[in-house]
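See below for the structure under consideration.
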Amino acid sequence: MEGIDLGNAFAQSLSGLGVPADVARALWLPLPMIVILLTVTVGVIAAVWGERKWSGMMQQRMGPTIIGLGGSIQGAADGVKLLVKEDIIPVKADPWLFTLGPAIVIIPVFFSYLVIPFGQGLVLSDITIGIFFIIAVASISPIGALMAGYASNNKYALLGGLRAAAQSISYEIPLALSVLAIVMMSSSLSTVDIVEQQETLGLFSFFSWNIWRQPIGFVIFLISALAETERAPFDLPEAESELVAGHHTEYTGMKFALFYLSEYANLILASLIASVLFLGGWSFIVPLEPLAALFGIEASNPIFQVVNALVGISVTILKATFFVFLAILARWTLPRVRIDQLLDLGWKFLLPVSLFNLLLTAALVLLSNTLKTTLPLYLPLIIFVGLVFVAMSLQKRPAAKPTAARA
């Protein structure tokens, strides 16, 4: 099923009301970014509340409880607080670069949401190079972080900016290679096509999700995405014990809020991309269309289309929430790594493994096309399970302490 062109649908709806076609298309232009801005802002508020609550549960405390029902609008209150705080620019800072830094960090994140499908036919822009667009746009944000660190005229901020740039470059390559393996299997760069490729087994589409075909790529993507979003244990650019607050040490007010917003917007974006690439996007464990066909319900039924759209949106959000929870869990269970360990992990381990995974995927796709079956694509799952089993078998167990002899 092809995605709906929301732009043309919007223009046709207004044209039916007597609005000129050119005016209707002009009215559509700002709407996608407005929708994204509102959606991401609400998502960030929910993510901040969820992280504070889950963090409180892990530490056996309550978390926010005062502002709103159960502290649900604590994030919005913090945003208003930052909005009205004084905007200070250090005397010796470069005012132009200091101001542009936060904007260059946050703007590419919003553009990336344009190609994320939230449901079947619910994507603002289904361009044929969607995944390539996300990777290309995401590479702009480190420039803003480096610019902010340099313009602050602060040694800690500069070191934070340099760390952010080095970390981003180190992990963009393994992340891109893990995504490229998915692209090879689906033969498309479109995010919608990648999701639809994971629905090829009808009622058993759960087993066609890419997580079963690309377990190695999935682990590489998770680690790389965590590093790209600068979340613990990879929060080296703003390590409080070393760099105060990294490249946003000198920022206050709304400029600081933009950095804060970009961190959680990046986390949500990475979670959505992971759900689209590896967990079937809007696909439920049992797809609704084949299930409805068993009961004689046609896919063109308006009620079914509404239910299918709502289920798709809910499933996408739930899958993304699962990845956000994993990121929060990693923050409170794993210690922060050193900068040399971070770079070694990216260049000496993830990069070779991602290259191996890409070459293996290419060979299996060729074999699958030759044999006219998708069974060879599940070989990485067997390899991954075998490696996990070997690693667990070789794990050193502490020697038992000798029991003291009784007198």
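The backbone N, Cα and C atoms fix where each Cβ goes, and this holds for glycine too.
Remember, predicted model here, so these are calculated numbers, not experimental data.
Annotated in Swiss-Prot:
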TRANSMEM  28-48  transmembrane segment
TRANSMEM  96-116  transmembrane segment
TRANSMEM  127-147  transmembrane segment
TRANSMEM  175-195  transmembrane segment
TRANSMEM  203-223  transmembrane segment
TRANSMEM  267-287  transmembrane segment
TRANSMEM  309-329  transmembrane segment
TRANSMEM  347-367  transmembrane segment
TRANSMEM  374-394  transmembrane segment
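Counted over residue pairs 6 or more apart, the CB atoms of the transmembrane segment (203-223) and the transmembrane segment (374-394) come under 8 Å in at least three pairs, which marks the two as touching.
Against the transmembrane segment (267-287), stretch 175-195 has more CB pairs under 8 A than any other of 28-48, 127-147, 175-195, 347-367, 374-394. Residues 7, 10-11, 73-76, 78-79, 109-110, 113-114, 124-125, 261, 264-265, 267-268, 324 of the same chain lie 6+ residues outside the transmembrane segment (28-48) yet bring a C-beta within less than 8 angstroms of a C-beta in it.
Stretch with the largest number of CB pairs closer than 8 A to the transmembrane segment (127-147), among 96-116, 175-195, 347-367, 374-394: 96-116.
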